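Undergrad: Dumping the structure here so I can ask a few things about it.
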Protein chains: 2
Amino acid sequence: MRSAFYISDGTAITSEVFGNALLSLFPTKFEHHTISFIETTEKALLTKARINKASSRGGKPALVFHTFVNNEVREIIESCDAILYNFLEPFVAPLEKELSIKAKPKTHRTHSMHEKSYDYRIDAVNYALTNDDGSNVTNYEEADVILVGVSRSGKTPSALYLALQYGIKAANYPFTDDDMEELTIPNFLKPFHKKLFGLTIDAQRLIDIRDGRMANSKYSSARQCRMEVREVEKLYKNEKIPFINTTKLSVEEITAKILAETGLQRYKY
Amino acid sequence: MRSAFYISDGTAITSEVFGNALLSLFPTKFEHHTISFIETTEKALLTKARINKASSRGGKPALVFHTFVNNEVREIIESCDAILYNFLEPFVAPLEKELSIKAKPKTHRTHSMHEKSYDYRIDAVNYALTNDDGSNVTNYEEADVILVGVSRSGKTPSALYLALQYGIKAANYPFTDDDMEELTIPNFLKPFHKKLFGLTIDAQRLIDIRDGRMANSKYSSARQCRMEVREVEKLYKNEKIPFINTTKLSVEEITAKILAETGLQRYKY
């Protein structure tokens, strides 16, 4: 199989995210490799050897997507037996011209710690953990958003992703079987109606997920799952709670949709 | 302030990550906006109006970084009064040539759900939560890595990031005051020595962080923080546990370094 390398003298997150986005346009399989912090000529030479080996093993030259700030290291990489894609090159000169200012490449600026956003994010992670799964219902003043939904509809990963990526404080509250008889917004959530955001999921997918965790239980039964989904969707509609169906969505898509629908501001860029 | 827009007919994560990486090369401040899921001409026209408004308000045309798969929508955006950077354009044609295959752009492929990686990630998040902060010391067979360190050295956010981004199962175990008298690897961790990865932090930073959470306590005292840091670093060295100092690192950098040092494989690309 042909190899694709995502490499950088920093975290290589940009190369990885963007390189992977490009390759996802092609219906072809690749062997993916990320190599980060290639900061010395020694590491560059080791990386070059690894890339060259992959090229000769794969029969076709490896694809190498890179973002280097250090020129000396980049030149070594550019001498690899591979097809190279320099992600910065097509954009830096036009941006310099447009901004009338020279780029000041500095390794580790992109994904390094910005004093403010760092604290936001750690605080937000702590908030999401403390207010996960209805474990604490007294902190909702602080929430930027409160995700609601049945068990296993995607609330916890989404809340954590909002916290880690964007510094957004997301609590989450589960509607359980006990709530279902006559499902309403619990009293402690009522003052925060505007912060509520609903998740729902296709009943069949919910059955499959719950079955993986607790087979042959009431919790995972078709009847129960269908009833819960029906009830929460009715609640969302009656109470005008915005909601999305997470069945076919990744965590990235769920959170991007939550941000798009709520207009919540990211604390971090 | 000049505006920068990161937009797409998908999640806009690629535009956001890469656009932000490019702008971080310039010592200039921007007003950042991400607009995702611009999938209809109606939304495109609304976005165009918003961009044009930002351009005239900012005095200078906004910078627009985009990755559109839908041509009709892209054409509307390209008629904005703004400086446009099409991220896909410089790379798609060369890749098509190199791969001898046409790109099959499909909205939402990049950050959408890949059946396998999705489950890996949700499982990994559940694992990280269940095995957070030493709350469970019986599950370490399953761990890909076990982060150790003093309280507030960055274990929890790092474990969650590894899970959410890469589907890696990271447990974390804190060394507390009770362990310090004669710090050794606890018995239940000994069989998993090879999975241990240490985090440390500068004592002064630790004092500041703990002081923000529990001022004037033994926990946040200079003496206690210095002692804990000294003891864990001694342990890492004696026991040959690889470790990094997280003081100046973002969560992205910490996890990239953990991956680089351990050679752990990502489950998701």
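Residue 1 is the first one shown; counting continues down the chain.
Any Cβ shown, glycine's included, is placed from N, Cα and C.
No curator has checked TrEMBL annotations; they are predicted automatically.
Dumping what TrEMBL says about this protein:
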type	residues	note
BINDING	B:Gly149, B:Val150, B:Ser151, B:Arg152, B:Ser153, B:Gly154, B:Lys155, B:Thr156	ADP binding site
Undergrad: If we take B:Arg152, B:Lys155, B:Thr156 as the binding-site residues, which have a Cβ under 8 Å from chain A?
TA: B:Thr156
Undergrad: So among the binding-site residues B:Ser151, B:Ser153, B:Thr156, who's got the most Cβ atoms within 10 Å?
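TA: Of the binding-site residues B:Ser151, B:Ser153, B:Thr156, the highest Cβ count within 10 Å belongs to B:Ser153.
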Undergrad: With the ADP site defined by B:Gly149, B:Val150, B:Ser151, B:Arg152, B:Ser153, B:Gly154, B:Lys155, B:Thr156, which remaining residues of that chain have Cβ atoms positioned within 8 Å of the Cβ centroid?
TA: B:Asn172, B:Pro174, B:Leu199, B:Ile201, B:Thr246
Undergrad: Other than its own, how many Cβ atoms are within 10 Å of the Cβ belonging to B:Gly154 (ADP binding site)?
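TA: For B:Gly154 (ADP binding site), the 10 Å Cβ neighbour count is 25.
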Undergrad: Under 8 Å Cβ to Cβ from B:Gly149 (ADP binding site), same chain, six or more residues apart: give me those in sequence order, or none if nothing qualifies.
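TA: For B:Gly149 (ADP binding site), the qualifying residues are B:Lys155, B:Asn172, B:Pro174, B:Phe175, B:Gly198, B:Leu199, B:Thr200, B:Ile201, B:Val232, B:Phe243.
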Undergrad: Once the chains shown are all counted, how many other Cβ atoms turn up within 10 Å of the Cβ of B:Val150 (ADP binding site)?
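TA: Summing over all protein chains shown, B:Val150 (ADP binding site) has 27 other Cβ atoms within 10 Å.
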Undergrad: Once the DSSP letters are reduced so that anything not helix or strand counts as coil, what is B:Lys155 (ADP binding site)?
TA: helix
